[in-house]
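Below: one structure, written as structure tokens.
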Amino acid sequence: MRLSLSSQEMELVRKFLGREPKEEEWLVVDALWSEHCSYKSSKIFLRSFPSEGERVVMGIEDWQDAGALDVGDGWAVVLKLESHNHPSAIDPFNGAATGIGGIIRDIISKGARPIALLDMIRVGNLNNSRNRWLLKNIIAGIGFYGNSIGVPVVAGELAFDETYNDNPLVDVAGLGVVKKDKIVPSVVKEAGLKIVLVGLTGLDGLGGASFASRKLSGEDEIGAVQIADPFAGKIVLDVTLQIADKVEAIKDLGGGGLVVGITEMANGLGVEVELDKIPLRVKDLTPGEILVSETQERMVFAVKPERVKEVCEAFEYYEYPCAVIGEFTNDTSIRFLYKGKEVVNLPSSLLLNPPRYKWGVKKTKYSVYYEKPNINLEVAVKEILSYPDLVSKFWAYSQFDYEVGTSTVLKPGEADSGLISLPNGKLLAIKGDANPDLCAEDSYECGRYIVAEAYRNLATVGAKGIGVVDHLQFGDPKKPEVYYQFVEAVRGIAEASKYFGTPIVGGKVSFYNENKEGKPIKPTPLVVMAGLVQDKFLRPKITEGASIIMIGFTREEMGGSLLAKIFGNYGDVPKTRLNEELLSSELVIKAINDGKIIFAKDISKGGLVGALLPILVRGFGVSIDTNLIPSDTDDVISKLFSENGGRFIVLSEREDDINWLESQSRGIYVSKIGEVTREQYVMWLREGKKIDLTKEVNNYHRYLEEVTSD
């Protein structure tokens, strides 16, 4: 019996009960007290997140499977962000596929129909054959499940760094729609309701919550990875939505399996469950295996006795297993029986109140180098534009059916944000952002930066952010420097979210992301922001002769930038100036609404040069006068590659549009810095440089397909 509980925690349990727990009871406590389910090392700090707002229908609430935001006309969007990092490191196909399945079940547990997915993937450098194997199978797993179940992938991220060599990050966000008055809770409020389980229970995913709450130890943990079955998942999706108004609560059986799902659903009430009534995929499972199995495509419903028959008949019509396995009781005891014998009897007060930890912190010593490396300008441009993080993701997106369901407005990769249509006719933009290189330098500024970047990304299509879900991914929280990075990232995310008025309605924390030598990954907090188009949306367009206009002010803040990663760090990290971020984003949205611009791109990874790449790869050239870039430095390298926030590149076809932008700027810098040329794949710089980027553009289109062809 392998547990994630510490010896001190085991002693706490013994003292609370006044006895030695049975083996099955240890499994129950281990699942509910796991880091994965209890947030025991993070919850103290997560309380600083803003979770209330005029659009919040369901925020960060205990045991709710997803958050919800009001989008008008009686409709709500349901948001959830999850990961399957540890499973994907062992079995990338099933790890990624079941991550998609889990997020979809979280959405339908609120009675919402899933309409969009995002995937944010980080693996090690692709010169390593195992990393290529991981990437190919992760993408294949996502496509297998998403395509089979009919939910489009509308946006995402794909990035590479040696920090993820042993521990890839596979984040999936889901979005669904539901009438506000039809949202189903995940917890019960009364005793006497029947517990109805659908789906078969097998051996896969045994102890998955405990597995995700400790360091990876090797491929011998394959049994902790769940097996995906999207065709069963499609039945669960359709029938759950069909019977959602006939039940009192719905819960997906995710991390921790049956024991976690039912205990959280009880929300302090008692339960009595007969394990031998559970439909099994494998004969002769032990009670302990049944309790903590994480077999996929299973849901639990709280149902009034008189409605049990119609609920089960709906599933049985498709020959999908459905069974009444117990009921919620008036006491506070969590009881599981097997063939008439009680195998678990634990108080909910023990299970739902794990110890909370506030580990020691040690301030990370951030290095600031003010001596600029000797960098050749042309070499820098070519190195940045060839970097794998910036290449086309079409190889991945082409494996997803991103237009299924008819709600996709912009194809993935077409703009900085995904854009989907809602049932009320409104358009919703959604985007995920992380910046581990910056977080490794300063996790507080990184927390602020990623929220601001997500806000900018939405602005490029004409949308204003309305809410956030987050995922905080770090190493071992007991290591003081790691825990310091976590605490500081939370502080930064909380500050920026409050400032932008984008409450955090859900999230997840994933610790113990380390390589085989125990070295933690770069801190990788991730936010996914949703926003509503305010009036018009912008489909990016590029024309010869269009003016290239920079909105915002460039600063010599090179720390954590892509240039610094390649050539060596220098300068301080970007300081996120929230007022500039807000004003520049509002200016872009207003320009879109008034038809003043035809293209918008936020300046982030790769700086100005990175922001110009979408123009170059569409068969155009650019001419840039670096003297016209508003900046606090004369250093051309900094002007071209700084990644400080609050900045955009926009294109305009009329000269008077520039005057209009200046008149509406409210103190934000607006400057024409160049124009789009017809000379394909060429960048002209004022310094007399004509840089032919044909090779880099070809690399942009072909890199992922070629590197994964082995």
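Each Cβ is built from the backbone N, Cα and C atoms, and glycine gets one as well.
Residues or ranges marked as active site in Swiss-Prot: HIS36. Residues or ranges marked as ATP binding site in Swiss-Prot: TYR39, LYS80, ASP470, GLY507. The Mg(2+) 1 binding site annotation in Swiss-Prot covers GLU82, and the record cites sequence analysis as its basis. Marked as substrate binding site by Swiss-Prot: SER83, HIS84, ASN85, HIS86, ARG105, GLN226, GLU294, THR295, GLN296, SER510. As annotated by Swiss-Prot, active site, proton acceptor applies to HIS84. The feature Mg(2+) 2 binding site is assigned by Swiss-Prot to ASP106, ASP252, with sequence analysis given as support.
Listed in sequence order, the binding-site residues from TYR39, GLU82, ASP252, ASP470 having a Cα within 10 Å of the Cα of ARG105 (substrate binding site) are ASP252. ARG105 (substrate binding site) is surrounded by 27 other CB atoms, counting those within 10 A of its CB over all protein chains shown. You'll find the Cα of ASN85 (substrate binding site) roughly 18 Å from the Cα of ASP106 (Mg(2+) 2 binding site).
What surrounds the ATP site, by Cβ distance within 8 Å of the Cβ centroid and not counting TYR39, LYS80, ASP470, GLY507, is the set ILE60, LEU81, VAL469, HIS471, LEU472, ILE504, GLY506, LYS508, VAL509 from the same chain.
Over all protein chains present, the Cβ of HIS36 (active site) has 25 other Cβ atoms lying within 10 Å.
Looking at SER83 (substrate binding site) and ASP106 (Mg(2+) 2 binding site), their Cα atoms lie 13 Å from each other. Its own atom aside, the Cβ of HIS84 (active site, proton acceptor) has 31 Cβ atoms within 10 angstroms in the protein chains shown. Largest Cα-Cα distance over the residues recorded as binding ATP, namely TYR39, LYS80, ASP470, GLY507, equals 17 Å. Long-range neighbours of GLY507 (ATP binding site) (same chain, six or more residues apart, CB within less than 8 Å of its CB): LEU46, PHE49, ILE60, LEU81, VAL469, ASP470, HIS471, LEU472.
A simple way to gauge crowding: the CB of LYS80 (ATP binding site) has 31 other CB atoms within 10 angstroms, across all the protein chains here. The most densely surrounded of the binding-site residues ASN85, GLN296, judged by C-beta neighbours within 10 angstroms, is GLN296. Taking the Cβ of TYR39 (ATP binding site) as reference, residues of its chain lying under 8 Å away and at least six apart in sequence are, in sequence order, LEU46, VAL509.
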